[in-house]
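*Asks:* When I checked TrEMBL for this same protein, it listed these features:
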DOMAIN    A:121-321  domain 'ABC transmembrane type-1'
REGION    A:1-25  region 'Disordered'
TRANSMEM  A:52-73  transmembrane segment
TRANSMEM  A:123-150  transmembrane segment
TRANSMEM  A:156-180  transmembrane segment
TRANSMEM  A:192-213  transmembrane segment
TRANSMEM  A:225-245  transmembrane segment
TRANSMEM  A:252-274  transmembrane segment
TRANSMEM  A:294-321  transmembrane segment
Amino acid sequence: MTSAPGPSAPDPSASPPERELGAHPEHQGRMGFFARLMENDVAYSFTRSPTAIIAATITVLAILACFAAPLIAPFDPFDPAQISLWDGKLPPAWAEGGQAQYLLGTDNQGRDMLSTILYGGRLSILVGLTAVALGMTLGVALGVISGYFGGAVDAFVMRIADVQLTIPGILLAILINGIGRAVIPQELRDDFAIYVVILAIGLTDWPQFARVARGATLVEAQKEYVMAARVIGLPAWLIMLRHVLPNVLRPVMVLATIGLALAIIAEATLSFLGQGIPPTTPSLGTLIRVGNEFLFSGLWWITLFPAIALVTLVFAVNLLGDWMRDALNPKLR
Amino acid sequence: MTDLLEIEGLDVEFPTRRGTVKAARGVGLRVARGEVLGLVGESGAGKSTIGAAIIDLLEPPGRVAGGRIDFQGESLRGRSEAEMRRIRGDRIGMIFQDPQTSLDPLKTIGEQLVETIRKCLGLNEAKAKARAEQLLVDVGITEAKTRLGAYPHQFSGGMRQRVVIALALAGEPDLIIADEPTTALDVSIQAQILDLIKALCRERNVGVIIVTHDIGVIANIADRVCVMYRGEVVETGDVAQILGAPRHEYTRSLIAAVPRADRRLPRFASVDYIEGGASAFRRIDVKTHWLGAAVREAKGEGPALSVAGLDLSFTLRRALLPKNRKMLKAVNDVSFDVAPGETFGIVGESGSGKSTVARIIAGLYKPDAGVVRLMGQDVSTAPRDPKARAARRSLQMIFQDPYSSLNARMRVLDIVAEPIRFFRLAESEAEVRRIVGDLLDHVGLGAAAARRYPHEFSGGQRQRISIARALASRPRILICDEPTSALDVSVQATILNLLRDLQEELGLTMLFISHDLPVIRQMCDRVAVMRHGAICEIAPAERLFEAPGHDYTRHLIDLMPSMDLLEPTPA
């Protein structure tokens, strides 16, 4: 990337002279955390993007609300003592026949919809985060290793990734999920369902991360700081961990954000198909599925409100990911 | 006769988040027809900004804040984009630095030329084609007719730059602005391109502004020179006066910093214009100093570094059948010995394999054949052998690009301390910090630099960090692969002085790789000349320059930009 500027590329001397940059770090040490954060170009670009601010606000609020569910939810949907079948299928509070204590109505078992959505959202986000973390760790590790060593290792890992990418992700997730359920004994199936779902989504995710990490590693491994580390005589694992990994994380973080949205959807899809989280501890997808059965009986609220929650959450996370991709790409700045 | 271009009091500003950067302040210059004006300065001087401001192609958010730009008696300021576009094609031609990116890779040379000619001169297809052919002949491209159908990738770098010049001439401009036109080219091609530009300037009676950082280019081509420093023109004058009897202190120090090709000097004239704060070199007492440990252990027998019969081919095209494979012989039977404490230079043009040899020695590439010995220990046949590993530690390398040779995510302390910590060369973390501070002090940065990150430093300062990191392994052999080719001349002088001081104090053996003959002459005791992967000649530096033995060496030496003008002209 050090090649000379062409007609449209910026000229090095047209940018602020580099020696002036040497002056500002002097006072950088004394600046507060916030001031230093604002020095950062990404943070600056964030404050200039209304979309990013709105998306981040929604995401953060949704995550906070879901994780604070035990504190703020009016009912505990998992506590049978608070559920009464007599209160089942009540419409939202503002509709005819609605009760004030059930703001968004109740489901077929008499659970408060608002509380169930908050608890279900928590489960969805939790599954999404852990699944992405699993896919990212696996994918980045394999990607950096194959990019750094190249040759046979690279060919082997990337061919597996290629083969996996030819199968639609959700089908693969269903397959892994099915195998996972089959090996677990019947009585433990519901308890372990959530882990099986995480594993299924995480194992479906990794090729994307591996590809991005490998591409970035190929670029970084050619740079002179990696050569310097090799000349010093550091072992390969240390070079990959200390030098390559921190420098390939940028594109990976973008992918992880968008991957989070996709993982939440994947979980919802699995649950909607009845392959995921059981209805006793429903996630957003399970709620939508259960509600779907009552949609034609006129009980629209059981499926509509969880669906709105899911769409809003995924949309916000996606917008955030899009902004991040642009902000971290120096070419688009 | 009025001047072709007249600029007065030109201010160019770049408003940024952290305040407005004034890239040019009150710049004034004139160009007449048939004259080459050299605009010279170091990086950040604002010389390219001037060129871009004239043709209204400043990178946003840059803007002209004040002053006059008059071209053929009319102002160029405040013109609409459409008007400027006509002027850019028809009346002012441009030549950019990198011929790789100045041409459209998807169109043939002919298409690009014909399109430009038709747009600028309004000729029909056939006439434009004939003109395009004539232009190629004018810029010295043989078989012009067939070449019109060729794509840019089928041309070499020098040929491509000729095509770019032909494109600049297509609209029959009165003024040509050439921004570093030869920086991306080898010396032998540089000389040809400069001759071509100068000849075209005379023949067609056009004005030329040549923007460059290279005093050698100026000496060869310019009639008059403007010296820029930090956005201001510090001195304007005839090339003979500027180079022979500079008046401004900056010009004087800039010229003094240019490595001389005609004789070897004990030190470079130090220019402390930019690298402020680089303190004087502190002597190292090898008997007591931490760095001296390796020197004290060293046994002085045999060559420090010896390579024999190195061969390496790169695969250009993979194929199952051997006859379909395409190989490039990057290094071909290279052998030499370097005595302890000696500086051995490898010189050659780009693609000669000089950096590949350095990387083989450093263990970054595995040779197909041949042996590398460090301090007598074979390190290439069994690289995982503990003895070979130990010997490897006596070798360190300094890289070309100071912007990519430091990990941007680590503090300077951690960068320099890495080998010390990994090989446990110090007793405690406190001692590691003390040693790092001391090393940074020795390379002229000061111990306080340890807390900062690489992006806070300039190119020259980063190269000092690289040197400190290399020293942290306590090496006996230092490979410098074009250590200063990315730096300004004044910074280059201070870095080369530092390398010399360190070598002298620590008795380092140095392998110095460069394409720059004057630098080689100043730094090296013996020199190997490489071409197409093989060594042409190995000779003591002085003899190589005074009486070159090989034709290719003579050719290279003849092509060095002549610096005769640097001598004070007898009045």
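Glycine is treated like the rest: Cβ placed from N, Cα and C.
Here the structure is a predicted model, which means the values were calculated and not measured.
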*Asks:* Which range out of A:192-213, A:225-245, A:252-274, A:294-321 gives the transmembrane segment (A:52-73) the most CB pairs under 8 Å?
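*Replies:* So the stretch in question is A:294-321.
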*Asks:* Report yes or no: does the transmembrane segment (A:192-213) come within contact of the transmembrane segment (A:156-180), defined as 3 or more CB pairs under 8 Å with a sequence separation of 6 or more?
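*Replies:* Answer yes: the transmembrane segment (A:192-213) meets the transmembrane segment (A:156-180) with 3 or more Cβ pairs below 8 Å.
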*Asks:* Do any residues, 6 or more residues outside the transmembrane segment (A:252-274), come within under 8 Å Cβ-to-Cβ of it, and if so which ones?
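*Replies:* Non-local partners: 124-125, 127-129, 131-132, 135-136, 140, 169-170, 173-174, 177, 197, 200-201, 204-205, 208-209, 212-213, 216, 282-286, 288-289, 292, 310, 313-314, 317-318, 320-322, 324-325, 328.
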*Asks:* Looking only at residues six or more beyond either end of the transmembrane segment (A:225-245), which have a C-beta under 8 A from one in the stretch?
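*Replies:* Contacts with the transmembrane segment (A:225-245): 140, 144-145, 147-149, 217.
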